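Q: What Swiss-Prot shows for this protein is this:
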type	residues	note
ACT_SITE	CYS132	active site, proton donor
DISULFID	CYS132-CYS135	disulfide bond
ACT_SITE	CYS135	active site, cysteine sulfenic acid (-SOH) intermediate
Amino acid sequence: MSPVDRLREALPDAARDVRLNLQAVLQGGALTEGQRWGVAVASAAAARQPALLSAVLAEARSRGLDSAAEDGLAAAALMAMNNVYYRFRHMVGKPGYTEMPARLRMGRLAQPATSRADLELFSLAASAINGCEACVRTHEDVVVKGGIGEEAVHDAVRIAAVIHAAAVALEAGEVAGGHEAVSAA
């Protein structure tokens, strides 16, 4: 049984739909396997649920998708910073802040382990979870202009939504005391 399958089985009964959706979104669709698992890693890291991230990382690496996994982790880390900063600028809406340089290092965006378009796709998923409208719009535009179609973008956001829901369900199950902590091993 794969790490993600074990994790799915650990989801509480209240999250049956999430369990089924988690299986569905990680199969087939308009994304390549690397894109699918890079999005899953970025989403799991952005959702901040250790057992979920551990399972998704183990699954991606077991499939030989180390570059996608590394870019997924990089995207989540960068978006944790950028989404706060750019969401602030967008929410305040004052031209003065928009004109100030960010002065935040983002060199990894220029040096992906996969491709620029894939790293942007992973960043889009993390940004959707983090709720940065300006970031979502920017990443979606770059991804589509980079040759990844809207159907693939839609699949990526579906993965992000389900991964986020799985993180919430796992945490709720732990708090409710109905399930033991999940291990990816």
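Any Cβ shown, glycine's included, is placed from N, Cα and C.
Looking at the shown structure, can you explain where the listed features end up?
A: Cβ environment of CYS132 (active site, proton donor): MET79, ASN82, ASN83, VAL84, TYR86, ARG87, HIS90 lie under 8 Å away, each six or more residues apart in the same chain.
The Cβ of CYS135 (disulfide bond) lies under 8 Å from the Cβ of MET79, ASN82, ASN83, TYR86, ARG87, SER123, SER127, each of these being in the same chain and 6 or more residues away along the sequence.
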